[in-house]
């Protein structure tokens, strides 16, 4: 059974950039729903497997992708944020960003543009392409998980579903993007980068 991970900080810890009301709803309602629905879907999937019911297995794929992706994505997202975040990464990650995007500012512009440009709901990502040994920016619709759909290893995810910002930023997604850079946990992103380089 999957369970809702605890946040590594209080709901109000990311204010003024992301308010407590958003964080509480986002974590305790939205993420919790993905976890619950994933558990239900996996149970049904196990039953379908046991019966050899391929039609039922196929019918469950969208729910598995949506709720499984929602759980994976949010579990990364919470750790990608920190009340002590912001600024720039250091060391090897910063060097890789400069190598692959030209500069940290250019990287920020590109990931911001990819995230703002998502039509409807989805995510902007910084991922690691293991085959090429390079960082890449990608956008995924809905809750499609980055690694499961592109093969990139997720390092930093930016949730651009309206539930992530609407109560505070209304329909102005670029303002939310501008704010979120102040709470990016570069230590966590760096740990993820170093782990996938091994």
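A Cβ is built for glycine as well, from the same backbone N, Cα and C atoms used for every other residue.
The annotation Mn(2+) binding site is assigned in Swiss-Prot to 26, 74, 159, 163. Residue 26 (Mn(2+) binding site) falls within a helical segment according to DSSP. A sphere of 10 angstroms centred on the C-beta of residue 26 (Mn(2+) binding site) encloses 23 other C-beta atoms.
Annotation source Swiss-Prot lists 3'-nitrotyrosine at 34, citing similarity to another entry. Long-range Cβ neighbours of residue 34 (3'-nitrotyrosine) (same chain, at least 6 residues apart, Cβ-Cβ under 8 Å): 66, 67, 70, 71, 74, 143.
Residue 44 (N6-succinyllysine) falls within a helical segment according to DSSP. Other C-beta atoms found within 10 angstroms of the C-beta of residue 44 (N6-succinyllysine) number 16, with every protein chain shown included. Marked as N6-succinyllysine by Swiss-Prot: 44 (among others).
Per Swiss-Prot, N6-acetyllysine is recorded for 44 (among others).
Taking Cβ-Cβ distances under 8 Å and a sequence gap of 6 or more within the same chain, residue 51 (N6-acetyllysine) has no neighbours at all. In this structure, residue 51 (N6-acetyllysine) is part of a helix by DSSP. According to Swiss-Prot, the N6-acetyllysine annotation covers 51 (among others), on the basis of similarity to another entry.
Annotated N6-succinyllysine per Swiss-Prot: 51 (among others), in sequence order.
Contacts of residue 90 (N6-acetyllysine) defined by a Cβ separation under 8 A and a same-chain sequence distance of 6+ are given as 186, 190, in order along the sequence. The feature N6-acetyllysine is assigned by Swiss-Prot to 90 (among others).
According to its DSSP assignment, residue 98 (N6-acetyllysine) is helical. As annotated by Swiss-Prot, N6-acetyllysine applies to 98 (among others), with the evidence given as similarity to another entry.
Residues or ranges marked as N6-succinyllysine by Swiss-Prot: 98 (among others). Sequence-distant neighbours of residue 98 (N6-acetyllysine) (same chain, six or more apart, CB under 8 Å from its CB) are 104, listed in sequence order.
According to DSSP, residue 106 (N6-acetyllysine) sits within a helical segment. As annotated by Swiss-Prot, N6-acetyllysine applies to 106 (among others).
Sequence annotations record features per position, and here Swiss-Prot assigns N6-succinyllysine to 106 (among others) based on similarity to another entry. Long-range C-beta contacts of residue 106 (N6-acetyllysine), restricted to its own chain and to partners at least six residues apart, with a cutoff below 8 Å, are absent.
Taken from Swiss-Prot, the feature N6-acetyllysine covers 178 (among others). Less than 8 angstroms from the CB of residue 178 (N6-acetyllysine) sit 112, each of them six or more residues away in the same chain. Secondary structure from DSSP puts residue 178 (N6-acetyllysine) in a helix.
Taking CA atoms as the reference points, residue 159 (Mn(2+) binding site) and residue 44 (N6-succinyllysine) are 28 Å apart. In the three-state DSSP scheme, residue 74 (Mn(2+) binding site) falls into the helix class.
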